[in-house]
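Input: a single structure, listed below in structure tokens.
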């Protein structure tokens, strides 16, 4: 027992000694940490003095950059904002704490993202599933040639980070769907709709209403743009204004109708502005009003729009759309428009009324007597066309059937010399939709042999002549 | 009655691509006032050159068209019943979806 007792007391002494050592080491660690902190503070202050080379007053040492929560780097970076009496430290501090989700990194999203990254929004999310293409670069100014073929989100995120490494950039490389919308949007304070189609616009609106997020909505096409803020401070939502979706043929796409690059640029910049106002709690956001931009005539008009509708299916008194029903709402069916922006592919004709671009090429090579009518609008025809094609736009086709008859007769005359049996009649357009409509019209008008060239000039470029320009 | 009508957002394509029309229009027989309802009928007959279904549905404008009377949404002035006055400005604009 005695030997055991001696052993225990030796162990206790050893424990006490180790504990004393531990306290000593802990004190040394604390002292060193304090020393390190002091060194870091001095370093930051020196940096501040260096970057503000003219600011050598002793008053600038010490508390500067601490009381308002802005670091010296932030004060310098955002100094032009801080100098604005109506924006100032409070506006910037609010912005730094806020988060903005930009849906679509295209013509509207490009300038919006650049400004949002530059201005110091704390966290920016970017949603897009597309890749950068050469024909985007005319307006989608956030992307560069080096990113052609790569994800738009990756490209946009890299550009934002290179402007402002202190802003957190979150990449959502996925299509925006009812299945992921609630989860993504719930992580942000403000949403910027920079998409390009009707179903997405309804979906984003409803998601914002369900989650109570202000929505900065912009749109541009051709030489016109529109801008407003929905679901903000008791104001209307998109559905209050447009409870019924427009007919599908009223929804033009930039890929079909064209757009002057700077037009979405202007609207995208204004979207950034509205997002900044909402996030920083400065100014009067464009809620209950809409800005209409007509680039060609140089007119901007701001109009008063209706208030929130009590009957609205999204934000009214008895909403059909709720957090529960939203994920199951079929936006493509509602708007009769696909969410993906891919071109329409009609299939109106039977197989014997159509031929492939390859087959057409073979027939031309064999010297078949034929007439090729290009039914695209005249300004498309001027961009590029196939040799020997005749341009009769679909909209004028019905009134110009005699020209087709004359052309067929002329070809048939050549043919009879070789003992053939009349000339063939082919219709072509950009992608093979209008050419089918033209063939339908011609069949009804008695030109029963008319055929369309499947996939149009795009198919020609893809399958026959890779050097043929596409647009 | 002199009115200025403006078409935008692509609706101008339905009236020979002319955006601004200064028109002279008078109330129909027996009516003292010119309402938006009368004006729509007049526009459909006199200005819309093609695809009227892209402008109207029933006796009103088609979904997706905003109507502004003197820069204010016609929802706030009584829609079809809005009474027009001399030199009023009426804008028909199709909502855009592109971006």
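Here the Cβ of each residue, glycine as well, is placed from N, Cα and C on the backbone.
These figures come from a predicted structure and were not determined experimentally.
For the ATP site, TrEMBL gives A:107, A:128, A:135, A:136, A:137, A:138, A:139, A:196, A:197; the one candidate out of A:152, A:213, A:277 that the record lists there too is A:152.
Sequence-distant neighbours of residue A:135 (ATP binding site): residues of the same chain at least 6 apart with a C-beta under 8 Å from its C-beta are A:471. Using a CB-CB cutoff of under 8 Å against chain B, the binding-site residues that qualify from A:107, A:135, A:196, A:315 are A:107, A:196. Residue A:237 (Zn(2+) binding site) sits 18 Å from residue A:196 (ATP binding site), taking the C-alpha atoms as the reference points. Among the recorded positions listed (A:240, A:254, A:312, A:315, A:429), A:254 has its Cα nearest to the Cα of residue A:107 (ATP binding site). Non-local neighbourhood of residue A:240 (Zn(2+) binding site): A:306, A:307, A:308, A:309, A:312, A:314, A:315, A:316, each in the same chain, at least six residues away, with C-beta under 8 Å from its C-beta. In this structure, of the binding-site residues A:137, A:315, the smallest number of CB atoms within 10 A of the CB marks A:137.
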